[in-house]
Every structure is written in structure tokens, then in C-alpha cells.
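Now, the feature entries from TrEMBL:
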{"type": "DOMAIN", "residues": "B:54-281", "note": "domain 'Mur ligase central'"}
{"type": "BINDING", "residues": "B:206, B:209, B:228, B:231", "note": "Zn(2+) binding site"}
{"type": "ACT_SITE", "residues": "B:356", "note": "active site"}
């Protein structure tokens, strides 16, 4: 392979509830077709995350208890993760990962748990209800349609400088009210989609990989990578 | 027996007789009727028995059946509940159906649903509990493993003198201080190393200090000889040790426990755990290892032997898959086949299958690429998901047939280059497949499991 990218799988051994590892597998699958080798490393409790060491990060969703533990530990990575995001580092964050990049979320026992506030959203909790089911959204800028499965108690509200990943065509989305689903901020893509998201929506995998390549190799020509067709898988 | 219990028992027994005689049914309705008349009926019905409760998310049914056959070596009459009757009503029905014991104190070995343990211990103090394991089930029926274990413990709290016989390789069973005597069984056949579970494994946090657990050896999922490098929490001393793992095939497993050799007529490491649990109960109840070996050998039908269906000369085995841990174990088990085989993956996402198909990504299909599998067929209502899963796992397109229609899948199966074919199917896909095979005359109608 001509290119190498270092991928941080944030808390991969704790935030792994809904086939999250499928996102890593799908990234690898498309990366190979783009002549890119991925070095994937799980960065978990008490392990160091240095923004300069990584070209891409993935942060999945977990069970309530595990997410509580991660909410504490991630504060030690807050500065470097924020630095990574602000400098255009591509990140995919799903469900609990999405919530923890924002200001806070409400845990299973009603307690307010901190995120890192790198993104400007916050998450409340529904009372004894979850949004569960198939969901379809459309991104207004690219015209791309994304398919997924949502299963979340959280109600997330986006900040002023975040755009949604898409507008809800069918399903519930971030909060069931404002028609948004997920978030985009710089090169950060957030969503509640399982499926896992990249296995059904290869276009997002491609956006992440291209962003990482351009950032790491600003002089190189990636027109071939950009031309890679992504056949529908769903 | 009080007048009320007497009447309730009579009503329940009569309804069982009626249902059984005229409607060929009657698994939980008699229990329901009896419970309506006397909600405390289990106290009366269970009082005569020494009860062993078997619970956990996976392996309850087989562990119960194996335990009964092991204990039968020493205790001729044992009351047990049929598959699926593991909630309160089914358990009451089981006691109602029992013939009155002639002499002594009979044994009851009961498979009990995790949340129903408390419904038994409210009225009966069991002699022993068996904890098989706790894995997350299909995700849309969300139950966290900690919540599930707490449900079991809520029931156990009412029986503080009962001995717990637990899977020592499962960290969760060592996570709470309990007043009960505890015996652990587990695998102790590997030299010590230092490793971690695969990233997508549940339940790897140390219950004491919440650091990531390490392992000296791992069997599957989060089970093994765990230890916490931070606080020193570790697997407890085992009372019953699997000391050697021998030959494994899809239809047989050889192993030694405490130095005694055993063979069971079924594959899969998870089934060795079930046998180990039955061994532990047997030893706890004074059954000799030679008697246990006889029970394991003599009772092949206990294993619900994988049915091999002859489809015009192809040997087709249909295996139900429903969650990542089970899927991984099935993939490992068919991987022990010494002959070449073809693989069929059928995925549906109806309620009984789990409406979220994400779990297929937690199954380690990548291990299939270590073998030369001449043909792979993917189908079912959610064929696109399973097709892409196998594509990503590395199954080459020229060996991969995509066929959503199960009728046509059967036709494709007849064309594969191997005699042996494994069909991995979710619940409703399995039912649909069996129906087609029945219509074509390859099997008789019915579940056959």
C-alpha cells in the first residue's frame, strides 16, 4: 500500500455495544481499495491520546455502566482530542461517542455526566422511552441518503456551529423534534446510526478517509481515491 | 397442605389432565390456574424436594439436561422442567405433573429464567444454584449484563445457605460478596500468558477498580483466567478444573476434568462449559467421576444432536444463530470440521430474530478465511447485510452466491462442490428454510430440535 493512516479506536474495548467494530472493518475495506493501509490501535482507559500520533479516530457507543467510566476517563484526553478536532482531524462518533464529544449527557440514573465539550451539543434523556427502529436521513449539501438503525434514550440538541449529518426522512433522529440526525463539525461526523453506519453508508467512510489523506499528505494527488465508486450495500 | 393449596393443586392437576388428554398440550396453563387460586402454591409443592436451580443467559437447557443425566446415576427419580417452561407458571406446572415420590426426599433440577429466580426462592430454599454465564442477548431486547446478574442475585438473597456453583471463568460471578458457600468451575488447561480480550467483548471492566481486565488464558468472549493488573482482583480458586482440552469436532469433544477423561457427543467449547457445570453439580451431589463419564457417554440424545438433513446427497446442517457470542462459537465449531464444507448465511430481522442486524458485525466471520471454503451462499430477507458482512470478511466474489429467495437457496445448495453444508440462520429464517425443506420432502414438518 502506498499510504498509511493511524487510526485511534477510542475506548474500543468499552464502547462496543452495537457492532461498532464493523465501522473499523468497513474503514479497512474501503481503505484497501484506496491503496491505504490502516494501523488501528485501541486507545482506552489510562492510555494516552496524542493528537499528533493519529490521522483518524473512531468512537463507538457503549452500555450505561461502561459509558459512565469513559465519561470520567475521557476528561484526561479532552485537551488533545479537542486539538485533534480543531486542527481538522477526522472523527466518527456514534451514539455514546457522539454524546461524549458534546457538553454533557444524562445517565441511566438521571445523573448529569460530562462530555468533553469539543462539540457544541448536549444530550438529555427520555423518560422510560427509547427511539428504536430503522431510520433514513438525507444530507442536504451532498444529496446523499443514509440508512441506519437507531436505538437510543438520549435526546441530543445541536449547537449553532454544528450541521446535522442529515435531515430525517423516516425515523426519529437526534431528538424526535427538530428533524435533525447526527452532527457534522469540521471533519467530525456524529450519528446515532448503528448498522453499523459505515457498512451501510460507504460514502461516509470515503469522506473520512479522503479527509485524513488530504490532511496528512497535502501535496499528494488523491483524484483516484476520490473517484472510487461506492456501490450500495443496503 | 392447606385447604386452599389442596384445592389449587387439584384444580391445576385436573386442568393438566384435561389439556394433556384432550388437547395434547398443557405446559403452563395448569400452573397459571393453580397460581390464581393459590399464589403461594410453590411453597407447598416444593417443600418435599431438594431443589437445584440452573440459571444464566446461555446454556441453561443443555446444562439442566446434562445435570439430570449425571445425577440420575445416583438418584433414580429426578423432577425437571421441559425446555421453555422456565418461568413461574411452567415451574408450578412441573411440580403439579410430578408423581408423588414413594420414599425419601426427591430431587428437582430446574432451569429457571434469570428474572424468575426470585419467584422460586420466595417459596423454596434451593440446595444449590448453578450460574452458567451472562452474555448480552439480541440488542433490541436490551438488558445489560449487570442488570441481569442483579436480577439473579435478588433471588439468591432469599436463599443465603444455598451453595452457588458458578462458572469461575466469568468475571461477573466473582464481582459481589455473597454469604452463600460458592464453588467455581473453569478451564485450567493453558500456561499463563498476559493478554486482553478482543476489543468488541462485553464485560471486561474489573468489578473492583474499573480497570480493563487482563487474562492469563482466554476461552471465548470474556471468559478465562482473568486478573486485574491494577488492583489484583483475579479469578477465584477453582473447585473443578478442566485440565486438558482434547480433540474437538462439530459433533464431539474430548476433555479432562480434574484428571478424569470425558467425551461428549457434541461440538462447541460452550457445550464443554455446560458439561463442566453438570460435572460440578454431580461431584457436589456425590456422583463419582466414572458415573459422570457413563452419563456423558450413554445419553447422546441429551445434546439435541445437530440434525443432518439429506438434500439430494448433500449433508445439510441448519444451526440457529442469534447473538454475537453464539455466532462466534458456531463459527469456531464448524471450523473444527476436518472435511471441507460450504457455508450458507440466512439473515432475517423480524422481532424473533432481533430487528437490529448490527450484531453480525461482532461475529468473527474473518476466521472463515483461514479455511478454504469452496462456496458461500447468502440469503434471507436481510441478505444485503449478511452479503456485505461476508464480503468485508474476505470471501471472494467468485465463491460467493447471493440469493435472497430461500427456495432458490435450496437449489443452489444442491450445486455446491462439497458434500457437507452448514446453514447458519436466524430464527425466522430457520423456520422458513425448514418449511421449504419439509414441502420438498427432505424433512418432516416441525422444528426437529
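Glycine too: its Cβ is placed from the backbone N, Cα and C atoms.
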Distance from the residue listed as 'active site' back to residue B:231 (Zn(2+) binding site), taken between C-alpha atoms, in Å:
37
Just give me the nearest neighbour of the residue listed as 'active site' among the binding-site residues B:206, B:209, B:228, Cα to Cα.
B:206
Taking each of B:206, B:209, B:228, B:356 in turn, which of these recorded positions have a Cβ less than 8 Å away from a Cβ in chain A?
B:356
Determine, for the Zn(2+) site, the additional residues of the same chain whose CB lies within 8 Å of the mean position of the CB atoms of B:206, B:209, B:228, B:231; present them in sequence order.
B:207, B:208, B:210, B:211, B:213, B:229, B:230, B:232, B:233
Residue B:231 (Zn(2+) binding site) CB neighbourhood, other CB atoms within 10 A:
13
Cβ-Cβ distance under 8 Å to residue B:209 (Zn(2+) binding site), same chain, at least six residues away:
B:228, B:230, B:231, B:233
Excluding near sequence neighbours, so keeping only residues 6 or more apart in the same chain, what lies with its CB under 8 A of residue B:206 (Zn(2+) binding site)?
B:171, B:212, B:213, B:228, B:230, B:231, B:233
If you draw a 10 Å sphere on the Cβ of residue B:228 (Zn(2+) binding site), how many other Cβ atoms land inside?
19
